[in-house]
Amino acid sequence: MYGIEYTTVLFYLISFILVSYILKTITKIMDYLIYRITFIIVVLSMLSNAQNYGINLPITGSMDIAYANSTQNDNFLSSTLCLYYPTEASTQISDNEWKDTLSQLFLTKGWPTGSVYFNEYSNVLEFSIDPKLYCDYNIVLIRFTSGEELDISELADLILNEWLCNPMDITLYYYQQTGEANKWISMGSSCTVKVCPLNTQTLGIGCQTTNATTFETVADREKLAIVDVVDGVNHKLDVTSTTCTIRNCNKLGPRENVAIIQVGGSNILDITADPTTSPQTERMMRVNWKKWWQVFYTVVDYINQIVQVMSKRSRSLDSSSFYYRV
């Protein structure tokens, strides 16, 4: 009997020692894996470019203000700059090597060759649909054209902010806007948007839901329209669907690595009156219109002052990421 008890005690003792050894071994293996993974993550994070949201210091005022024209001591070896310009600029300059010339001039301001990218667009519509804001800093040159002030101001509102959008099926559903940040954005070669506000019985308020000619017109033959209606009220919409698309969008906040330079025009377009623009400052400026060479020379001269008051953000997105995101 005593032999059986000793055997039982010995069995439990050996089992305890064996389990303890297994647990210690597992603990050592886990510690090794955790330290190894942590070490790899630290090394990779040091080698990669981390996001830098920066401080919100948007560009204010216009280029008519006397800025200091100086060359920075610090160059931008790790930054990229995208300069967007209309087709008419390259057409007027008519020089196959003009981009190389500008690259050499940017080099005198501390921007290495290969860090500045020149991107051409044909019109406001094309650029608003597919801006490709890929660089650390993105500067858009927009020629002021009489009669297109509304398209330009709405393009500014679109690309200076980030939007989260969903498609709208206006043939099946009524839609309402839930707050000041909620807008309907339509794009196309010719966008006419009409709305009919509805009461709680889904009857038209001042309009007939079955007759689009009685709807209120909120956008008429525009390339880009950001539509704002009364919040909390259902609306039936009528849109020229053959030449236009419309989406339900929410403004998420400022896109701080984008600035707009308005070329020409008596006054700078102001988008700060929109209560959804927060903070109430703007990243738009104006340069006097002369010739496109003169415009580019001015941009080169003041590029470092412009960039210093922008925020470099490595998550620059194109339209598929910020406009058509669902």
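From the backbone N, Cα and C atoms, a Cβ is placed for every residue, glycine too.
Note that the structure is a prediction, hence the values are computed from the model and not measured.
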Of Gln177, Gln201, Gln262, residue recorded by Swiss-Prot at the Ca(2+) 2 site of Asp228, Val229, Asp231, Asp301: Gln177
Cysteine paired with Cys191, where Swiss-Prot records a disulfide bond, from Cys165, Cys196, Cys207, Cys244: Cys244
Selected from Cys82, Cys165: Swiss-Prot disulphide partner of Cys135: Cys82
Cys191 (disulfide bond) in three-state DSSP notation: strand
Inter-residue Cα distance where the pair is Cys196 (disulfide bond) and Val229 (Ca(2+) 2 binding site), in Å: 10
DSSP-derived class (H/G/I helix, E/B strand, else coil) of Val229 (Ca(2+) 2 binding site): coil
For the binding-site residues Asp95, Asp231, Asp301, the one whose C-beta sees the most other C-beta atoms within 10 angstroms: Asp301
